[in-house]
Amino acid sequence: MAALVRPFFIAVIQNIREHNMRLRNSPVDRPDGSQLFDDTSAAVPGPEGAYRNQQAGPQAEGLPGHSFLSDPMSNLAVAYGSSLASQGREMVDKNLDRFIPISKLKYYFAVDTVYVGKKLGILVFPYMHKNWEVNYQQDIPVAPRFDVNAPDLYIPTMGFITYILVAGLALGTQNRFSPELLGVQASSALVWLIMEVLAVLLSLYLVTVNTDLTTIDLLAFSGYKYVGMIVGIVAGLLFGRPAYYLSLLWCCAAIFVFMIRTLRLKLLSEAAAEGKLVRGTRNQLRMYLTMSIAAAQPIFMYWLTYHLIR
């Protein structure tokens with residue numbers, strides 16, 4: 001008897017469990033057949049589900065960047081692009097160094113505070129300076145910070161910028177300042193400087209002078225006159241027009257002596273550089289050229305400053 005009843009109860013219990021599972025999984029409906037609550041569990045995943053989707057999404061769908069980097073052709077394209085970029089950079093550096101010698105420009109800016117102080121003293125008081133020869137080391141001129149006679153571009157560059165600033169100050173004290181007028185002042189000074197250097201280069205070509213002077217050297221020597229121009233303008237702003245003329249006259253004489261003693265070692269022959277009598281047509285042309293370059297400096301100094309003092 002027990003053996004017959006036991007399977008019956010087991011079957012009933014299994015039917016009850018299956019019925020409860022169906023009730024638990026089926027939605028709760030209203031009497032009219034509509035669903036009481038919307039099932040949003042499938043539409044809006046929970047935070048954990050969203051996190052799992054974010055983690056599994058790239059692996060399931062496949063990352064474009066990951067597949068691109070893993071492609072051998074893409075790696076080859078990246079390597080080829082890098083090689084092209086490096087070749088282009090080398091080409092630009094080579095062509096830039098051809099027109100603008102960066103390595104040589106570093107030499108002209110190799111200065112220190114001691115050099116700048118001594119050089120400014122020579123530009124304003126050149127009469128006490130005795131040795132004007134440039135020192136060489138293995139046929140290469142030493143850096144300006146080791147030789148006060150070596151030309152540099154630091155003082156001309158800073159002098160040009162300071163001249164523009166002082167010119168703006170002078171125009172402001174006269175209620176004539178404007179950005180356009182300051183730009184005209186800067187551009188005119190730069191144009192005159194370029195024209196001066198080009199005129200000297202043309203003269204050297206016509207006279208056929210064999211010299212180690214470079215274009216950068218001429219630019220440096222032509223830019224030293226801005227020191228005297230600044231001194232004249234500042235003296236005129238502080239003490240009036242008579243002080244401007246006196247200080248400018250002193251600086252003009254100083255730059256004339258400086259250019260004569262510096263350029264004679266570059267342009268004149270060895271005999272003239274030693275102080276002996278200059279003979280020959282070519283040497284006389286070199287002497288006239290040296291004096292012309294030196295005499296042009298006071299003219300430019302006055303031309304670029306006289307209208308700033310009233």
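Heads up, the Cβ atoms here are built off N, Cα and C, so glycines get one too.
Per TrEMBL, region 'Disordered' is recorded for 24-61. Residues or ranges marked as transmembrane segment in TrEMBL: 153-172, 184-206, 218-238, 244-264, 285-304.
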Taking the transmembrane segment (285-304) as the reference, which of 153-172, 184-206, 244-264 gives the largest number of Cβ pairs under 8 angstroms?
244-264
Grab the same-chain neighbours of the transmembrane segment (244-264) for me: Cβ-Cβ under 8 Å, and only residues 6 or more beyond its ends, written as numbers and ranges.
122-127, 129, 132, 149, 221, 224-225, 227-229, 231-233, 235-236, 272-273, 290-291, 293-295, 297-298, 301-302, 305, 309
At a C-beta cut-off of under 8 Å, are there same-chain residues at least 6 beyond the transmembrane segment (184-206) that contact it? List them, or none.
160, 163-164, 167-168, 171, 213, 215, 218-219, 222-223, 267, 289, 292-293, 296, 300, 303-304
